[in-house]
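Colleague: Take a look at the following structure, please.
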Amino acid sequence: MRSFSSFFFSSFVFFFFLALVALDRSRCVAAARKITAEDALDAKYSFDVIIVGAGMAGIMAANTLSEAGIDDFVILEATDRIGGRMREADFAGKRIELGANWVEGVNETTTNPIWELANKHKLRMFYSNFDNLSSNIYTQDGHFANKLGDIYMKKLDDSSEWIESLGIKKSQSNSADISVFTAQRIYGKVPSTPVEMVLDYYNYDYEFAEPPRVTSLKNTQPNPTFHNFGDSNFLVADQRGYSYLVQKLAEEFLDSKDGVITDPRLKLNTVVNNIRYSKNGVKVGTEGGKSYKAKYVIVTVSLGVLQSGLIKFIPPFPDWKIEALSEFDMAVYTKIFLKFPYKFWPSNGPLTEFMLYADEHRGYYPVWQHLENEYPGANVMFVTVTDDESRRIEQQPPNETIEEVHEVLKNMFGPSVPKPIDILVPKWFSNRFFGGSFSNWPIGVESYEFERIQAPLKGALYFSGEHTHEHYNGYVHGAYYSGIDAANRLLACKKEGKCIDEVPQAPPHRRGSKKRRNVDEAEMEAIKERDAARQAWKKSAM
């Protein structure tokens, strides 16, 4: 009995040992399988380069990398399409541009690259003729006398030429910046009547989306786009959309079929909300919970997004980077599209395309443009507003905007003007993926701060977008060039070991203080104006 018990016990221990071995082996196999799966998952979401944003800057950055032989990248786009702020919508049976609308800067010896692309792809465009604008001024009492309009326009031209020359002098002498408004004061003529104010608005706000009291003189006068490329503008009115240019650029290096990009390296509807970066690489997290790893990342989101905190950067940006990003303004430029039951405005040729409305309140539905030349019979026109008016109109119901524009049109053309039967108001400011329309260079901000916006961090985190281009910020061609520039900086680091990881320094007279001690009274006043404007913006944003 005892021997049997001993045998039974020994057998039990032996089989128990075998069971443990088998269990341990199965666990090891399971663990190995898990590791293999994790490795595969890591491989799927690991790349050489991550590009955040598929606008013009992001696509040009990817294009530049691809041409240099780097194809191991992924493009993460928050929205459902590529193009960024080159964005269109269907309205009144036509394709209209919500954001970028013109090829700006044409007809000089230096060719605008966007003009080249537009012609290459036969984009449908129309020359914007502003020559007869002085004859198309309307007030609250109706049409303004043509001769008086010509007089006001001549005064505006004289003032603008003088202000441009002052801007050139300040740039050449490297003296402190002032606002365009302060330059107007120095000139001795600040617009004050409704007609003067709307012409002033057309000259500055219509281009920079912010008023002269905010806009830098030294860095915007003369405007580098028109100075370098020419002063002609062409409106894009193509059923394929302005973003078709970005689509065709993307098709040069991404797989596509029948005009649709099928390449898995483009991830739409992928909202990046955090980026961890170090000298060893980056990890990009999304709202969907996915993480992407890479050696480098190029961030091409707008200045408005960077200022908003939508993307959390870990570690936080150094103070000098935050300061540089905060110095520049994200302006708001809104085109309000209106459909009418019939045409009631003058449209006999291109010289009637643009109209100005002079109201006592500067910037109140000021610049009008009909689309009869571009889309005959569509009975569509749009009015452009900017800055505070853009923000106000974004927040109010469409029916209130219809009532307001109807009253303005009755002032311009008489009480029988019909109400709009449809309206489309783009909401660039409140859209979290944009936070505004384009960047503007405010007073008192120096060139070295552009360099600080551009500057990579840890040799792994790079920046691109129209707001990073010193000469063409705010323009499509600025975004185009910035994508190339950022990719080339990355390539210099990757291929040549020339990795920039230092703070761009301020000129000697700017260190320790943004203001020199010998600034004159006008310059001091300009800086106060800038600070007051920023404080007002901060309060409204709280």
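In case you wondered, yes, glycine gets a Cβ from its N, Cα and C as well.
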Colleague: Please identify which of VAL236, VAL246, VAL260, VAL272 is recorded by TrEMBL as part of the FAD site containing GLU77, ALA78.
Modeller: VAL272
Colleague: List the residues of the same chain that sit at least 6 positions away from GLU77 (FAD binding site) in sequence and have their Cβ under 8 Å from its Cβ, in sequence order, or write 'none'.
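Modeller: Same-chain residues close to GLU77 (FAD binding site) (Cβ under 8 Å, separated by 6 or more) are GLY53, ALA54, GLY58, LEU266, LYS267, LEU268, ASN269, THR270.
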Colleague: Cβ within 8 angstroms of the Cβ centroid of GLU77, ALA78, VAL272: which residues besides those meet this for the FAD site?
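Modeller: Near the FAD site, beyond GLU77, ALA78, VAL272, sit VAL52, GLY53, ALA54, LEU76, THR79, LYS267, ASN269, THR270, VAL271, THR286, VAL301, PHE433.
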